[in-house]
Amino acid sequence: MFDFMNLVRNENMKIYRRPRTYVMGGLLAGLVLIASLIWLAVSGRDTSMWDVAFFESMLMSGLVTIFVVIVAAASVAEEFSGGTIKLLLIRPWSRSKILLSKYIAVFLYALLMSVVLFASVLLINWLIFGIGNTGIEAAMMPAEAGSGVFVHILKFYGLKFIETIMTLTIAFMLSSMFRSSVLAVGIALFQILIVNNIASLIMFLKQKWVDYVLFIHLDLTQYLSGSGMGIRPGMTLGFSLGVLAVYYVLFMALAWLVFTKRDVAN
């Protein structure tokens, strides 16, 4: 176990020794600050900080996913393109442990970026607007009025984090399949920017098979209305989580199968 934790620490060092990691975190906090200042200039200090915080959370959560996908898609592919994979495989660790350590490192990075966004939107908007009225509680989420706006935002981040984990798992699988990190990152970003938008269109088709398409289940925040029902009839949060769980196991199995059987001679 101690050796495995060292392996995870080594993978973490690979992520955090790169300038892009800190640029992404700084860019995230900086964009939150800019958005809050623009909101202040347009609407004044009478605005509820919760309105701004929730809006920025919805806006910036997609950026968190993109940043995490870039790191995840490059995590394995860069080892092959840079030739460093051979140095890893000659050490006394199985391929399964190497792959798992990389996944855990990317998972922790995703968690960190989500915390950075959460802390930024709360702290920056608290400093700028103060904790005044909670207008969003009555205006945007009346079904959640009993549990409070803060709990609602926590639920939003929890559901968005599941989406981020699913997307990074797809990117991680692609990273295990391709030697080119550029190709792995490109396909992963294509999935986020294009495929997800196409999925938002096909979800209105009446065919039953659409219920099992991965991409219509990624945005779990559709269940925050309080009704417990999704966009399509018969879809509940439990159903969507079940579909996502099946795809998650499939993607992880494919990543493991490809990585453990892959030839690194060339």
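In case you wondered, yes, glycine gets a Cβ from its N, Cα and C as well.
Outside the transmembrane segment (21-42), and at least 6 residues removed from its termini, the chain residues within Cβ reach (under 8 Å) are 15, 52, 55-56, 59-60, 63-64, 67, 71, 109, 112-113, 116-117, 120-121, 124-125, 128-129. Among the features that TrEMBL reports, transmembrane segment is placed at 21-42 (among others).
Summarising the annotation, TrEMBL assigns transmembrane segment to 54-77 (among others).
Annotation comment: TrEMBL describes 98-129 (among others) as transmembrane segment. Cβ atoms under 8 Å from those of the transmembrane segment (98-129) belong to residues 4, 7-8, 10-12, 14-15, 21, 24-25, 28-29, 32-33, 36-37, 40, 45, 47-49, 52-53, 56-57, 60-61, 64, 67-68, 71-72, 75-76, 88-89, 157, 160-161, 164-165, 168, 172, 176, 252, 255-256, 259-260 of the same chain, restricted to positions at least 6 beyond its ends.
What TrEMBL lists as transmembrane segment is 149-174 (among others). With a cut-off of 8 Å between Cβ atoms, the residues of this chain six or more beyond the transmembrane segment (149-174) that come close are 50, 53-54, 57-58, 61, 64-65, 68-69, 72-73, 75-77, 102-103, 106-107, 110-111, 114, 118, 134, 136-137, 141, 184-185, 187-188, 191-192, 214, 218-221, 223-224, 241, 244, 247-248, 251-252, 254-255, 258.
Here TrEMBL flags 181-205 (among others) as transmembrane segment.
As annotated by TrEMBL, transmembrane segment applies to 237-259 (among others).
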